[in-house]
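Enquirer: What follows is a single structure, and I will ask about it in a moment.
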C-alpha cells in the first residue's frame, strides 16, 4: 500500500503538484487530433474493428469531457458562494465552455489538499497506516430515488437536464442551492466503502434524509466527478441521535458522540466547503479524518480508528459518522454496470411524486384507488400523472364527489377539488379537462380552505394568465369575498 509522499514532505505545494500530476491542458485535444489523423491515413487500407472502437471511445471521452466542462463552468461562474470565497471563474463568452473550468476544479482541489496537509503534517505511523487503508479502499456510490431509473441501463439525469427536457418529477434541488453553489447540473451520490461480503447498501440515508426506496449502486467513479465531505450546500454534521447507525457509536464510545455535530469547512469559515476532484478525494477524506481524530478526546474512538485490521464496514461507519460524503457526476450517468436494490415499499403518493408509472400501475388497479391517486396528483401538482389517470379511468362528476368524501386522504380533507385544480402552480390543462368534461362547476364556491372563494379567485391571486383566460371564457366569476 502506497502513501503519496506529499503528506510527509516539507515543500507542500510542490508535492501537491505531484499528487495531482499536473497535466498539459492541450493533451486531450492533441490526442484527439492524433487519433483522427491516424484514422484518416488508414482509411485507404481499411479500418479494423479495434481501431473503430478506439476512435469511438476517443470521441465519447471527448464529449464527456466537454459536458463536464459545461457543468463546472456553470457551477464556478454562477454560484455566489464561490465568488465570496474568491474561487469563481468568469462565465464563458461563447455558447460552449472551454476546458478551463476543469483546470479550475483541479486547482481548487489542490488548494484544499494543500490546506489540510498544512494542518496535519507530519503524520504518525498510525495515521500513515489509516491513510493508506483509505487511499487503497474501493468505493461504492449510491443514488436513492423513488423513480424507476433503470431498464437494463441506468440513466440518472441532473436537475438542470431534467428541466431542459421538461421532465416532471420530485425535486431535491432548491433555489438556495442554485443561487449559492449552482451545482444543479450534477447527479448526486452517497459514498460508502466497498465490501464484497456485506449486503449492499451499507447505508440507506444521507444527511438524515431517506431519498428513496430504490438504491442504485455503481462501483466506478467518474474522471470528472467531485467530492465534498458533506452535503455541498448544508455542511453541518447532525447530532448523533439523527445518525442512521447511532447505536453503534452510543454503545461503544462516549466523548465522540458529543464531538461529531459540527460544520465541516476550510480556513475561510463555515461556508467554505472543501472540494476534491476524483483523483484527490481519497487523500482529502483520509487527511480530514485524521484531523478530526487528533482533536477528539475519546481515546476509545481513536484506538478503534487506528486498528490496523479495521474491516471495511467499520471504516465506513467511521467515515459516514464523522462526515456525510457526497459525490457528484456532471449532468448524467448512463451505465449498464450497476445494481438496483429495493430497500422498502414505495407509497402511492411517493410513486406519484416520482412519476414512477410502474409502481402506480401496480397499486392503482381499480376506481377506488384511482380516486386516491388522482387526489395525490392534484395535491402535489403532478399534471403528468393526473392526465395519465384521467385518460386511463373514466372519471365522472360522481367520482369527483366521492373523492371529496374520502377521509383517508389529507388533500381531500383540507381542500375542495376545485381549490386543488386552481391553486398556485396548478396546471391549467388539468383544469381544462375537468371543466370540458363536466367534472366540476366553474363557479362552485370553496367549502373548505378559503371558504367562499372560487377558482377564479385562486387564479387571480397567482396571476396565472392562461388559467384566468380559460376560466373567464367559461363564465367564471369571483367569489363573495371579492364582490364589490
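Every residue gets a Cβ built from N, Cα and C, even glycine.
Sharing the feature lines straight out of Swiss-Prot:
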ACT_SITE  326  active site
BINDING   143, 144, 145, 155, 157, 169, 172, 173  NAD(+) binding site
REPEAT    369-398  repeat 'ANK 1'
REPEAT    413-444  repeat 'ANK 2'
REPEAT    451-480  repeat 'ANK 3'
SITE      143  site 'Important for catalytic activity'
SITE      188  site 'Important for catalytic activity'
SITE      211  site 'Important for catalytic activity'
SITE      231  site 'Important for catalytic activity'
Enquirer: Where residue 188 (site 'Important for catalytic activity') and residue 143 (NAD(+) binding site) are concerned, what is their Cα separation in Å, rounded?
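Expert: Distance (Cα to Cα, whole Å): 7 Å.
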Enquirer: Rank the binding-site residues 144, 169 by how many other Cβ atoms lie within 10 Å of each Cβ and give me the one with the fewest.
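Expert: Fewest other Cβ atoms within 10 Å, among the binding-site residues 144, 169, is found for 169.
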Enquirer: Minimum Cβ neighbour count within 10 Å among the binding-site residues 143, 157: which residue?
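Expert: The binding-site residues 143, 157 were compared, and 157 has the fewest Cβ atoms within 10 Å.
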Enquirer: May I ask which of the recorded positions 211, 231, 326 is closest to residue 172 (NAD(+) binding site) if we compare their C-alpha atoms?
Expert: 211
Enquirer: CB neighbours of residue 172 (NAD(+) binding site) within 10 A?
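Expert: Here the count is 11.
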Enquirer: What's the number of neighbouring CB atoms sitting within 10 A of the CB on residue 211 (site 'Important for catalytic activity')?
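Expert: Taking every protein chain into account, the count is 19.
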Enquirer: C-alpha of residue 169 (NAD(+) binding site) to C-alpha of residue 231 (site 'Important for catalytic activity'): distance in Å?
Expert: 21
Enquirer: When the Cα of residue 211 (site 'Important for catalytic activity') is compared with the Cα of each of the binding-site residues 144, 157, 173, which one is closest?
Expert: 144
Enquirer: Cβ-Cβ under 8 Å from residue 231 (site 'Important for catalytic activity'), same chain, 6 or more residues apart: which ones?
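Expert: Non-local contacts for residue 231 (site 'Important for catalytic activity'): 206, 207, 324, 326.
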Enquirer: Could you put numbers on the helix, strand and coil content of the repeat 'ANK 2' (413-444), residue by residue per DSSP?
Expert: 17 helix, 0 strand, 15 coil
